[in-house]
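Chemist: As annotated in TrEMBL:
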- 1-149: domain 'Cation efflux protein transmembrane' (DOMAIN)
- 6-24: transmembrane segment (TRANSMEM)
- 36-57: transmembrane segment (TRANSMEM)
- 91-114: transmembrane segment (TRANSMEM)
- 126-149: transmembrane segment (TRANSMEM)
Amino acid sequence: EILGALMSMIIIWMVTGVLTYLACMRLLHPDYDIDATVMLITSACAVLSNILLSLILHQTGHGHSHGAPAREHTPAPLGKPALSNASLRAAFVHAMGDLFQSISVLISALIIFFKPQYKIADPICTFVFSIFVLATTITILRDILTVLMEGR
């Protein structure tokens, strides 16, 4: 479980690193073309998919079934977060990171679609959302390392 969560965090950081590198290359070499229509359609589909995935993952970890009658509601134990399983939390954060990156691309696509001369919006949005994604993974990475190091 913990190793799966660690791998998820490593993948998030690697993908974010690659996206940041590519954004830097776009800033250094601005002679690229962007098909804003394709970018808009693809990013909108990615946003919708990631919202659905995030909702599914979030509901998986909250300790009760929505099909059960109200009197059979079994809440998660007190003091534990809704997503107490480290792998589930890592998968949820991974999906949220993908969602935020997709939102970044969608925002960039909208800007570029209406104002093609502002194609610099693509790398700028990548930088902003990459920082946000990395910041949101720090706490889970700390929790993972605590477990791996058997610390308190």
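A Cβ is built for glycine as well, from the same backbone N, Cα and C atoms used for every other residue.
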Chemist: Helix, strand, coil residue numbers for the domain 'Cation efflux protein transmembrane' (1-149) per DSSP?
Modeler: 115 helix, 0 strand, 34 coil
Chemist: At a C-beta cut-off of under 8 Å, are there same-chain residues at least 6 beyond the transmembrane segment (36-57) that contact it? List them, or none.
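Modeler: Same-chain contacts beyond the ends: 83, 88, 91-92, 95-96, 98-99, 102-103, 105-106, 108-110, 112-113, 116.
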